[in-house]
Amino acid sequence: MRGQPRPKLRRMTEQQTGTPQLKQGFAEMFKGGVIMDVVTADQARIAEAAGATAVMALERVPADIRKDGGVARMSDPKMIREIMAAVSIPVMAKVRIGHVVEAQILQAIGVDFIDESEVLTPADEQFHILKRDFKVPFVCGAKNLGEALRRVGEGASMIRTKGEAGTGNVVEAVRHARAVLGDIRAVQSRPAEELMTVARDLQAPYDLVQYVHAHGQLPVVNFAAGGVATPADAALMMQLGLDGVFVGSGIFKSANPERRAQAIVRAVTHFQNPDILAEVSEDLGAPMTGINIDELIPEARLASRGW
């Protein structure tokens, strides 16, 4: 329940993977939690001790990917295995958009979730991975409802806002969350006979548009990501109506990662309690410096990757 400490989520077994129902059910277990980017086993242990629901194993956090430039690819499987061995909570890892072989490799080494991520350099500018062909569940980013439903149609078990990863600036995550939730309200307001036209305009599967019309939500879990850097940022995304939060560079690029990780977990749990939010926001040390979105040239905007 929201406002209550959540039970610790464990790694999946082989028997728990495979069908869309099992994959989406596993994703539901992350609701109300925080998923943290980590680049070492020690960071993964810090995240687990802080109460993270899962960790995202990668060689460079998004802020470093931005700074270093070049082609960003799937992380070394050896590094991912080391992180998997260090913690008992689920471990996620990223693949490039459209790179089916990277996804096959991650499934083979036993990761619990794959992020088909715009943070990495896209491998295919026309097609995303057909995620339903995999036993392991996928999470994908989206800027609007049409994009979210296309990813679900391909088999994604979780959606997240794209935001602008590595900036420490939550404004784009807020924009994308409001866009998706606003589009959902707009679909709900349309009469049933107009839904085929809505599906055409959204470029989304008709049956998924029908689901949104009937239920007023996405068919899968909807998380915030991209620029979350403070407990207040995390609570803001929860108050907007999202199901949980990914935090990338915001923790381990800050002055006190342990305290900030704990504070963000508490903020997500108690996102409607200003007294607790004030308490957990105190004395955290300096956050990551951050980047103003207006300073990014179009080519540096990661959210524009994918379609």
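Numbering starts at 1 and runs along the chain as displayed.
Yeah, the Cβs are placed from backbone N, Cα and C, and that goes for glycine too.
Features reported for this protein in Swiss-Prot:
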- 1-20: region 'Disordered' (REGION)
- 1-10: compositional bias 'Basic residues' (COMPBIAS)
- D37, G166, G227, G248, S249: D-ribose 5-phosphate binding site (BINDING)
- K94: active site, schiff-base intermediate with D-ribose 5-phosphate (ACT_SITE)
- R178: D-glyceraldehyde 3-phosphate binding site (BINDING)
Can you grab the distance from the residue listed as 'active site, schiff-base intermediate with D-ribose 5-phosphate' over to D37 (D-ribose 5-phosphate binding site)? Cα atoms, rounded to a whole Å.
10
Separation of alpha carbons, R178 (D-glyceraldehyde 3-phosphate binding site) and G227 (D-ribose 5-phosphate binding site) (Å):
15
For S249 (D-ribose 5-phosphate binding site) and the residue listed as 'D-glyceraldehyde 3-phosphate binding site', what Cα-Cα distance in Å is obtained after rounding to a whole number?
23
In sequence order, what residues of the same chain, 6+ apart, have a Cβ less than 8 Å from the Cβ of the residue listed as 'D-glyceraldehyde 3-phosphate binding site'?
L240
Secondary structure at the residue listed as 'active site, schiff-base intermediate with D-ribose 5-phosphate' (DSSP, helix/strand/coil)?
strand
Measuring CB to CB from D37 (D-ribose 5-phosphate binding site), give everything in the same chain under 8 Å that is also at least six residues away in sequence.
V55, M56, L58, V61, P62, F246, V247, G248, S249, I251, F252
Neighbour count (Cβ, 10 Å) for K94 (active site, schiff-base intermediate with D-ribose 5-phosphate):
26
How many neighbouring Cβ atoms, not counting its own, are there within 10 Å of the Cβ of G248 (D-ribose 5-phosphate binding site)?
29
Tell me, how many other CB atoms lie within 10 A of the CB of G227 (D-ribose 5-phosphate binding site), whichever protein chain they belong to?
30
